[in-house]
Amino acid sequence: MAFRDHDSLFCTLCGTGLSFGSASYATCPLCNSHRSVSDFEGKEIWCSSTAEDLIRRLGIEPLILPDSDAQGGLENEEIQQRAVVNDECPKCRNPQLEYYTRQLRSADEGQTVFYECAKCQYKFSQNM
């Protein structure tokens, strides 16, 4: 029968995750205390990780970006970070426009300002 002990993989002295580098004992990498592997007999230990956890732990660049980092994710962030300016929409004459800026050209040139009307969704840009 499986035994569920949430503390079994952690050092009893300092709480750091144990390292199983030996067949006879587990070692704490922080305080160097040891636990016999017989302490873990008969226990089921489950661990789950996401792709992002593994990428971060191994320090590698992903070949395919997760959905949140893809272009669609950036557009959603832009919508949340938009400011409002009291300029008239050239299409429907709405008195306010939402805008955000991006540096699309070289650093010594101005930013591009993107405008969108909240009423008719008309979009246009202006180089500053």
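Numbering starts at 1 and runs along the chain as displayed.
Glycine is no exception: its Cβ is also placed from the backbone N, Cα and C atoms.
The Zn(2+) 1 binding site feature in TrEMBL is assigned to Cys11, Cys14, Cys28, Cys31. If you look up TrEMBL, you'll see 11-31 marked as zinc finger. Summarising the annotation, TrEMBL assigns domain 'TFIIS-type' to 85-125. If you look up TrEMBL, you'll see Cys89, Cys92, Cys117, Cys120 marked as Zn(2+) 2 binding site.
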Do you know the DSSP helix, strand and coil residue counts for the domain 'TFIIS-type' (85-125)?
0 helix, 15 strand, 26 coil
Please identify, among the binding-site residues Cys89, Cys92, Cys120, the one with the smallest Cα-Cα distance to Cys14 (Zn(2+) 1 binding site).
Cys120
In sequence order, which same-chain residues at least six apart have a C-beta under 8 angstroms from Cys117 (Zn(2+) 2 binding site)?
Cys89, Lys91, Cys92, Asn94, Leu97, Glu98, Lys123
State the mean pLDDT for the domain 'TFIIS-type' (85-125).
87
List the helix, strand and coil residue totals of the zinc finger (11-31) as derived from DSSP.
0 helix, 5 strand, 16 coil
